[in-house]
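The transmembrane segment feature in Swiss-Prot is assigned to 1-21, 27-47, 48-68, 87-107, 139-159; the stated evidence is sequence analysis.
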Amino acid sequence: MTYFVVFLGLCFVLGGLAVASNPSPYYGVVGLVLASVVGCGWLLSLGVSFVSLVLFMVYLGGMLVVFVYSVSLAADPFPEAWGDWGVVGYGASFVVVLMVGGVIGGFVGGWDFGVVTVDSVGVFSARLDFSGVAMFYSCGVGMFLVAGWGLVLTLFVVLELVRGLSRGAIRAV
């Protein structure tokens, strides 16, 4: 299990590197999807299954909007790929920065943290995840409404930007 969590952590870092060193919007969206799927898998391995599922569904919807927006506005006839030398050098510089940060963080002692997700007292075992479900639907109603309104507003902004010159969402390239 430890190897799996370390593998998910490395994939999350690679997804972040793919977003940071994206040569084209197509590849940036792939990096975002990779990072979100691996992050939700990481939460799932820690035992927070409901929050992981909710975040995965929200990220999947968000990535769909980002993908449509970036593909509609990308006008590169020959986009660069991840194998081009400029992109490889850019990604390698990010890896060096992450390694130096990891070494400095290891010397300072920034790795002393722990995550506990299951409380067990005797026979009873109450998962912290299910108390989060109750908080989502009781105290978080206002935040859900604000987040929903923000997503609807973002959808209208993206549709207006993609619309072009009064020709609707489909336009000739």
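Count begins at 1; order follows the chain as displayed.
Yeah, the Cβs are placed from backbone N, Cα and C, and that goes for glycine too.
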Seg_contact(the transmembrane segment (27-47), the transmembrane segment (1-21)) with at least 3 CB pairs under 8 angstroms, min sep 6: yes
Within-chain partners of the transmembrane segment (87-107) [C-beta distance under 8 Å, separation at least 6 from its ends]: 13, 17, 20-21, 23, 80-81
